[in-house]
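Notes for the one structure printed next.
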Ligand SMILES: C[S@@+](CC[C@H](N)C(=O)[O-])C[C@H]1O[C@@H](n2cnc3c(N)ncnc32)[C@H](O)[C@@H]1O
């Protein structure tokens, strides 16, 4: 007679994967742990509802954009209605126990982030430990270290292999709101996520606080990843963080990323240089208007350029910047493209001219994050897009404010015609 093998303890688990695409998952809690869990769930397409009286800035931004639905109060019986899976991540053992008890009574699997033993569903570790920055620290008599990782402009697939490797090994991840949040889905269970978002005109963590946090976590022996949008050294304050760590004798590794200055125009079909057309490009911060006493930009030189001008953080000051470039010699009809939410599902491209930039931004209700590009390369892209629109002449060709959106089947303009971009033959 044979008998079935018996599990010896409640820690025995069956490793299975959950297909959560379009399925309701309830995350209870609005802090950094809930943020980390939500990122992982969104990365696999779950329909996430977050129950919490308050949210971290990054979760708040997700709720505002409709990425998650927010039930703005403490957990109440009935909140798990319709859920396939629940995550109790409040940091309060009593509330987490209440969530788990309701999940049990409804036969819904539940992860309690603070207790594997008390969870009916346990998230399995996927990463190995190959932490060469940590080894460097150990060689120098330290235990922790900081890795500054450029996450790329938004699409999680645009992080480098080294960046993803570092993330998967992190004890602590200090993350910006423009960093590709689905990447938090690859973290080790138990990794701490710190939301260091600086929302434009919204909540933000002071740079000094971020620097101190990196240093203190590394001093506590942690492998700390500072995950940023784009490249850490392009308007990313990466060097300030590196210097703070260096002053505290914390080893730092820098992992460059795809900057939005180049990557975002690229996915909209706009090359920042093109043989025979443009032999230069310049990247400018538009967060201060021309004439501002703290501005370090030589606007008269920029206005005289023939090449490509790429402006970051320049939505609010677009009209003033465009007028200054025109004043200093750039022709009014110079083509401009504004690309918002670049490399994400909501990417949108609006084409206009330097003269009409301010009104286009106002009339098209353009909001950050956006990169705008000035120069003949924009026209090149528009012509390429027009040529690939199944031969049909575009109604918006040459018109200011012409707009395209990116979708599952390539770019799509506002009237719904496919405008897949192909590389031009030169
Ligand atoms: C503080 S800067 C950081 C730039 C970042 N370090 C980089 O290399 O891309 C933030 C600005 O980058 C631009 N940006 C970042 N991600 C973007 C995206 N996905 N789409 C459009 N613009 C983006 C916007 O101009 C935004 O205001």
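Numbering starts at 1 and runs along the chain as displayed.
Placed from the backbone N, Cα and C atoms, the Cβ positions cover glycine too.
On a predicted model such as this, the values are computed, not experimentally measured, just so you know.
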Candidate ranges 356-386, 387-417 [criterion: TrEMBL lists as region 'Disordered']:
387-417
Inside 10 Å of the Cβ of residue 198 (active site, proton donor), count up the other Cβ atoms and send me the figure.
16
Can you give me the same-chain residues 6 or more apart in sequence from residue 176 (active site, proton acceptor) with a CB-CB distance under 8 Å?
196, 197, 198, 227, 228, 229
